[in-house]
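The next block holds one structure in the form of structure tokens; read it before the comments.
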Amino acid sequence: MTRYIFVTGGVVSSLGKGIASASLAAILEARGLKVTMLKLDPYINVDPGTMSPFQHGEVFVTHDGAETDLDLGHYERFIRTTMTQNNNFTTGRIYEHVLRKERRGDYLGATIQVIPHITDEIKRRIIKGAGDADVALVEIGGTVGDIESQPFLEAIRQLRVEVGSKRAMLMHLTLVPYIATAGETKTKPTQHSVKELRSIGLQPDVLICRSDHPVDASSRRKIALFTNVEERAVISLEDVDTIYKIPGVLHAQGLDDFVVERFGLQCNGADLSEWDKVVDAKLNPEHEVTIAMVGKYMELLDAYKSLIEAMSHAGITNRTKVNLRYIDSEDIENQGTSLLEGADAILVPGGFGLRGVEGKITAVQYARENKVPYLGICLGMQVAVIEFARNVMGWKDANSTEFDRNSGHPVVGLITEWADATGAVETRDEASDLGGTMRLGAQDCQLAAGSKVHDCYGKDVITERHRHRYEVNNNLLPQLVDAGLVVSGRSEDGALVEVVESKDHPWFVACQFHPEFTSTPRDGHPLFSGFVKAALAQKNKA
């Protein structure tokens, strides 16, 4: 039977519930337990797919094609369980499902209410998402006291009663601020946060005390006394220089022992040697490179969370400190390519819309003409094709129909038909809704022997995740290939271009898929590892 650890946050947002939850999950997995994780988001959007990156950050795409919260990326980087559409749901998704059932008459004319209908649907999805895991960690987004979170908190209160205390526990993250002028930490915010939880029938079993200073033993004793939590379950979690230290920090304080004993689980001790190696490689690099990352959402770097982590993983794999130079593509439009000078490689990530695209195209041209290693992802591949068409082919009006529907040379256009991961045919047109209408999820890709990308993966066929609705225009592709554009990756049916390279360039690879979604700190990712190696070669050459 599955045991549940419900994770809530108090006092302020952005305390790191996702990282703390994933770190505990990693320790439990290291003890031989089967672990999964869920994220419950209180916002009313059906999913984050149409939300602004400036508001929500990255949209993480699962293997089965769900557009989900970026915390699922943390989950997959810390544990080896692959997330699915069942591991993340929102208030909007819950209400959509309940209202659809009401319209069908499934409730037999009953008055639909938050309790029991909404809370029952939340509980049903938690149980379904947990599956057959030994332990499921369920993170509730937002902060205790938010009106949006109330149905979720009520649902977990009910579920705790239904499954019993031997199968459910509550872990609460809270802020313990350090007052520099007084030279001490303050426990009052934590006391009030727990008081808020207890007022709705939820008693925490574990408190994770976030602070920029260690929470000393006397403060932990005081917190335990006022919150009715065992002193050994009051955990100090201060800021660290790498998040991959956190499993070790929690393990050193006995959190996993407490959980295992509380649930009555029989399992081995935790082997965290893999995490020790990750931390050692991260903190003791032997090399250093600078990579210019040219994007359009630089005001909120969470928009590129998985990509930034993937570059860190590539650094770990190569024992290299990767310095990312964040450059807004609009700044290149206004200030020119001087912003790129001195970079050992250039990375252009995905994005949507016209703003900043010309700056990205200029960055591609700089990389191609100056033989600087280049990696383009999603839109980064599309702008690479546009740049090639304009500056090698001489098609000065070349563009994507996303940006110019009247382009005389639309080298990138809307995908109107493709097969999804199950083999079912998907069709789209310009009038399709924005939400949930992209080519999403894992797709097989055939790689050309002898190509740079094949050298990285060492395979003929790979599987990577996608999130796009535009592709290279096959009608103009033969002319691009004749001029020297190398198509080194195609969809399984050969219909869609997945990877392009530049002939006569030391390392120029652009892919339509998002390899960052499958990169992990323990295993890295072959494409990013190859990119960092190319950057090292470029630096050594200089």
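Backbone N, Cα and C atoms are what each Cβ position is placed from, and that goes for glycine too.
Listed in Swiss-Prot for this protein:
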ACT_SITE  C378  active site, nucleophile
ACT_SITE  H514  active site
ACT_SITE  E516  active site
BINDING   S13, D146, I147, E148, K186, T187, K188, P189, T190, Q191, K222  CTP binding site
BINDING   S13, K186, T187, K188, P189, T190, Q191, K222  UTP binding site
BINDING   S14, L15, G16, K17, G18, I19, D71  ATP binding site
BINDING   D71, E139  Mg(2+) binding site
BINDING   G351, L379, G380, M381, Q382, E402, R469  L-glutamine binding site
DOMAIN    290-541  domain 'Glutamine amidotransferase type-1'
REGION    1-265  region 'Amidoligase domain'
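Recorded features from Swiss-Prot, shown on the structure.
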residue : record                   : Cβ contacts under 8 Å, 6 or more apart
K17     : ATP binding site         : V7, T8, G9, D71, E139, G141, L173
K186    : CTP binding site         : V176, P177, Y178, I179
K188    : CTP binding site         : none
Q191    : UTP binding site         : I223, F226, T227
C378    : active site, nucleophile : P349, G350, G351, R467, H468, C511, Q512, F513, H514
L379    : L-glutamine binding site : V348, P349, G350, G351, F352, V357, K360, H468
M381    : L-glutamine binding site : V499, V500, A510, C511, Q512
E402    : L-glutamine binding site : F352, G353, L354, V412, L414, Y470
- Item | S14, L15, G16, K17, G18, I19, D71 excluded, remaining Cβ within 8 Å of their centroid (ATP) | G9, A20, S21, H74, E139, L173
- Item | Minimum Cα separation from P189 (UTP binding site), reported as the residue among binding-site residues S13, G16, I147, R469 that achieves it | S13
- Helix, strand or coil: which one is E139 (Mg(2+) binding site) in, per DSSP? strand
- Taking the Cβ of L15 (ATP binding site) as the reference point, list residues of the same chain whose Cβ is under 8 angstroms away and which are at least six residues distant in sequence. G9, L173, T174, L175, R210
- Site of maximum Cβ density within 10 Å, from recorded positions K222, R469, H514: H514
- Message: Please report the distance from the Cα of E516 (active site) to the Cα of T187 (UTP binding site), rounded to the nearest angstrom.
- Response: 39
- Message: Using a 10 Å cut-off on CB atoms, tell me which of the binding-site residues S13, T187, T190, Q382 is the least crowded.
- Response: S13
- Task: Write down the Cα-Cα distance for G18 (ATP binding site) and R469 (L-glutamine binding site), rounded and given in Å.
- Result: 30
- Task: Quick one: among the recorded positions D71, E516, which has the most Cβ atoms sitting within 10 Å of its own Cβ?
- Result: E516
